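Undergrad: Input: one structure, supplied below.
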Amino acid sequence: MSKDLQKLHNESLVHIATALDLAQLEAVELSLFSRQNGRLTMLMKEIATVLPAEKKAYGESCNTVKEELIGSIAKRREELTNVRWKTIANDERIDPSAPLGTSSSSMTRAQKKNYGSLHPISRVQYDLEDLFTSMGFMVLDGPELESDYYNFEALNIPADHPARDMHDTFYLKNNPSWVMRTHTSPVQVRAMEKYGAPLRAIVPGRCFRNEATDPRHEHTLYQLEGLVIDRGINFAHLKGIIATVAKHLYGGETKVRFLPKFYPFVEPGVRGEVTCFLCHGTGCRVCKNTGWLEIFGAGMMHPNVLRAGKIDPEKYSGLAFGLGLSRLVMLKYAIPDARYALGGDLRFLNQF
Ligand code: FA5
């Protein structure tokens, strides 16, 4: 089974099992099977790009996953329906005002069911996956233990770039040509190699950096990479995508600003900032008194990177962006310290 399919399978089972009511379950069902942009529908359509020898196995795995998900949805629907309309035996009365999941025979002792909940990073990730798939993007995955080639070299990062310093990055002790990926950008080249052009994809995932941690920096962070490659792609497309994300997550009032920033794999390159959620622009410890919080790096893909992905820069141009998913979550839920997210403290997690 392909990695994308496996990922979809695992995530969907969680979504189905944690749907709290029929409306939520229907939303999950739609996000998977919608004819236009359902995640499974899109993966099934990819059969057109699979090698002839692999088509049969690919089709079979898709169908197996589809059947399993349909079965799980039916089972969950039954559970949720039963909870709501529990059949009452004999002379027992129905109390329609009793909380869901309470036993009809003990109407006076309402018990709250403890379902658990999704982590805030997962919530924002799934929400953005839905937004991007609605705009025709594929959702891709990539390895967390990455080769030096994809993490740096293919991205036009020369051997003497500071990011390659042993002190900046987690290398494998006995094999320095492998590294815990420092960003999700390596999947840019992997995606180009696999799918060619035109291409529209996002890559949410975990990255690792040898950071002195502080309220904005974690050693383990989540990013969401995005790339669009086609004829005539330009910076206006990039601005449009970022504005759509900011509006979707934070509402129409949010201000985004672009500032020049050097990344070897884009030209021109920018960093993007939004107004700080804590001080609303007046300056505080989270935004280092600037009033702004950096949430992404982006730019037009460098011709060398397109070439590394076997795409002709004379024919195609591309944009790429790397959103700091952990930072987006901080902003969305006004979390004043990035370290809470992975700290495992239930007092924090129980709020979601
Ligand atoms: C990159 O990682 C580039 N790969 C982004 C990119 C992609 C640029 C495509 C151009 C084209 P940077 O190191 O600036 O860039 O990180 C991107 C975002 O990740 C930052 O804006 C920030 O929001 C987030 N981020 C970076 N380091 C950390 C950290 N230690 N903890 C939490 N978030 C971080």
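Backbone N, Cα and C define each Cβ position, glycine as well.
Look at TrEMBL and you will find GLU267 tagged as Mg(2+) binding site. Look at TrEMBL and you will find 122-331 tagged as domain 'Aminoacyl-transfer RNA synthetases class-II family profile'.
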Undergrad: Taking only the residues in the domain 'Aminoacyl-transfer RNA synthetases class-II family profile' (122-331), give me the average pLDDT of this model.
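TA: Reported value for the domain 'Aminoacyl-transfer RNA synthetases class-II family profile' (122-331) is a mean pLDDT of 92.
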Undergrad: Enumerate same-chain residues with a sequence separation of six or more from GLU267 (Mg(2+) binding site) and a Cβ-Cβ distance below 8 A; give 'none' if the list is empty.
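TA: Expected: GLY299, MET300, HIS302.
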